[in-house]
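Taking it in order: structure first as structure tokens, then the write-up.
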């Protein structure tokens, strides 16, 4: 209560101060006729009025909070504080929140017409604090350069440095004035945490932008002139990008410019607008500053497109639909809105998406700007282009650097980060971040880290870190963060408020509440000092070890020299013996015929390796003695296969043995299962069905059975180069899980084999094409979309029941069988061992289907599949994606911030399931609980579905594809099917070590279990 009373008193005092400013300004206006003075006084009055409005809102909220606590304490003293938040939702609180509800992006916070709010003050304080720290460092650099120029007596450079120093000093003055103003508006009691624009998981912290900026500088108003300037001053506006001036207006005495510039920008973060006052012919003095991040401008333009679309179409969000009770449950409702003409989007791409507004200058004044940014994007796709194919993306694996248990990965940060070791800013550069505890530092600093990671057990920490005797714990207390402060552990900026910020009362460092327990007990000692102590300890240990080694080696040097000489002689004799044996042994003996009835024989490791039929590969060797090319069979070891008898020598070969070409595998007798292995020569390729990053998918006929299969062909070279070996093995294991029950809605595996350059997955051929092709031809009815969703739901349920998450659910990966049922295909992004509450963090998926937690690079569960399932249902029902954009970044922004829109007459159960599946909080998402798919299956959207009939295919499909023959490929892209079904030659030669990565790949579904070579 005392804190609230003190806060109320402080707010009242600030309001009175602002009123005094207004009263004094009005009095001064009556005493002078100077228009420049009038203009300056007018701007002061306007700023004070805005401050009073903000402070009065805060005052009313504090009074309501005080009354709420008193009322709660009088009624129920034990729970009074808990009732406080609910009491604050009164008219005043709602009116206050409404002022900030129209803020779409950070660009709106720079708009002069945006009222002062906690969000706006927080954003500006963080921005100004950072700019001030950078400018102070810049001024120090100028001072150092000026001293160097003085030593060299370079007058021209000295004059230039002095000019820059004066400008920098003036900027620092302006920044301090602006900071003081916003600090004065801060109220200590503010209990609300406002998300920081630079905090972890920030929606707008994106990479630099490249494109064409078209900017029109209109006019200025209420700009404060520097002291001692005459009435006839000239103003100039300069546009800077990445510390370089890119454009400048002509001088103006009327504060009007109306000049348009087109600036080509490459990987630029922000544009700086500097308003100069021309003091003399040589000196321009800055009087107003503004920074606009290009990512904020891009986001604002994207939101304008969405707003235009909403106004033209009349679609609403689920919340508005429920609140306005516009949802009408009619059987024909969805069919009416599902017609193609009802889902046509207005052409927003061609509309004017320029952003025009009065933007606030710091510390005083406004500037009128009109801006439009067009990105240079080769993969640009109009928002209203409808559904289209998109490839999946996967974060490439990087090398892990371990230091004291920390597992550091290189990470590109696109926001302002502070190194946890040296305390300097990363400044949009690559840094190192621990996978487990998120400790963040420079690339140059991570080897110097002295803190132990939480993932490292205490008993294993016998390191120099344990030997630092400085053990003074920090005294962290809850801290009201106001301004720009960074976490001393993870390096992210702290949000405004009290809930998540902690500050040490002794040394003053700040941290997130969740990071406090990770901060080492080095109160009063910097990390750099601790690193110097560690360096001394290491140096001492190394010196002592070297001294001990020198003493021991001095006594044994003579004896060791003799032993080394003797052993080298033996090695030379052994090498000579091996050399003789090698040259006398024919190099083409592997081509000798293999006995049809081998007898078990113990073979030493130095002798010939036993031949296994499933792992024979062919190479071509030229022998000058024979005058011909002999096909050599490369043999691989199978630990469980029986050894073969030694084949006859080369002299016993009377006639050449017919063998397949280099690009085929050798089919021989499986010694364990007595069954013939599948190889490349057993198939006849008929057509190409599709292409991917690593290879092709081809239609082929198995000669012996006259059965059609789809063969996925992957190049070993690309698999190795992209570190996808384990992913390929995992894909095979997922196929085996699907094979276990021959699941009706999963593509099953017939067999897999390999050659020297490729691996092959022989899969079911699903001839009806994918759902993307069908939905592009015609809109799905409600029944058809519901039917496909039910079968896909059972496929996901089977995966989840076996601890597998799919992570690449989309229309492209759902194939339509000739009988009208669907099959889920492409298991390349699946992950195993993902049971309930198990998590992973790999950044992968198809952009439009990726869940928010994946985009935020958080640990996620199998509930990401249910988010993708919601996007899938939305696309099937409405023929468009709920989250759209012209490129990946815009799509990601839409996923993180936009609400899906629905036709006002869409059935209630359809809106309900989409709303519950597309919930951004993964813990509240439908299907995220331990019941998993059962919760989805019991939703009213599936109320008319008999799940047992669906699983056993007893439900009549709503659509049957028309096929002319079993080999008809009309439902596949003609771009691929018209190609010749041949494998392109591969010139690269893989080493034996490379080939070992693919050992045990062969498999056949005819076996009771995977082949004996299958260790994948």
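Every residue gets a Cβ built from N, Cα and C, even glycine.
Taken straight from Swiss-Prot:
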- 68-101: region 'Disordered' (REGION)
- 86-101: compositional bias 'Low complexity' (COMPBIAS)
- 111-188: domain 'REM-1 2' (DOMAIN)
- 405-453: zinc finger (ZN_FING)
- 473-523: zinc finger (ZN_FING)
- 543-602: region 'Disordered' (REGION)
- 546-568: compositional bias 'Basic residues' (COMPBIAS)
- 579-590: compositional bias 'Low complexity' (COMPBIAS)
- 683-942: domain 'Protein kinase' (DOMAIN)
- 689, 690, 691, 692, 693, 694, 695, 696, 697, 712: ATP binding site (BINDING)
- 808: active site, proton acceptor (ACT_SITE)
- 943-1013: domain 'AGC-kinase C-terminal' (DOMAIN)
- 984: phosphothreonine (MOD_RES)
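On the structure: features taken from Swiss-Prot.
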| residue | record | DSSP class |
| --- | --- | --- |
| 689 | ATP binding site | strand |
| 695 | ATP binding site | strand |
| 808 | active site, proton acceptor | coil |
| 984 | phosphothreonine | coil |
So which of the binding-site residues is most packed in, judged by how many other Cβ atoms lie within 10 Å of its Cβ, out of 689, 697? 689
CA-CA, which of the recorded positions 689, 691, 695, 697, 808 lies nearest residue 984 (phosphothreonine)? 695
How big is the gap, in Å, between the Cα of residue 691 (ATP binding site) and that of residue 808 (active site, proton acceptor), rounded to a whole number? 17
DSSP helix/strand/coil residue counts for the zinc finger (405-453): 3 helix, 17 strand, 29 coil
All chains considered, the count of other Cβ atoms within 10 Å of the Cβ of residue 695 (ATP binding site) is 22
Round to a whole number and give the Cα-to-Cα distance in Å for the pair residue 697 (ATP binding site) and residue 808 (active site, proton acceptor). 18
Roughly how many Å separate the Cα of residue 695 (ATP binding site) from that of the residue listed as 'active site, proton acceptor', to the nearest whole number? 18
Indicate the candidate from 691, 984 with the smallest number of other Cβ atoms within 10 Å of its Cβ, considering only these recorded positions. 984
How does the domain 'AGC-kinase C-terminal' (943-1013) divide up by DSSP, counting helix, then strand, then coil residues? 14 helix, 2 strand, 55 coil
10 Å Cβ neighbour count around the residue listed as 'active site, proton acceptor'? 23
List the Cα distance (Å, whole number) between residue 689 (ATP binding site) and the residue listed as 'active site, proton acceptor'. 20
Counts by DSSP class (helix H/G/I, strand E/B, coil) across the domain 'REM-1 2' (111-188): 65 helix, 1 strand, 12 coil
Residue counts (helix, strand, coil, in that order) that DSSP gives for the zinc finger (473-523): 6 helix, 16 strand, 29 coil
Restricting attention to the domain 'AGC-kinase C-terminal' (943-1013), give the mean pLDDT. 85
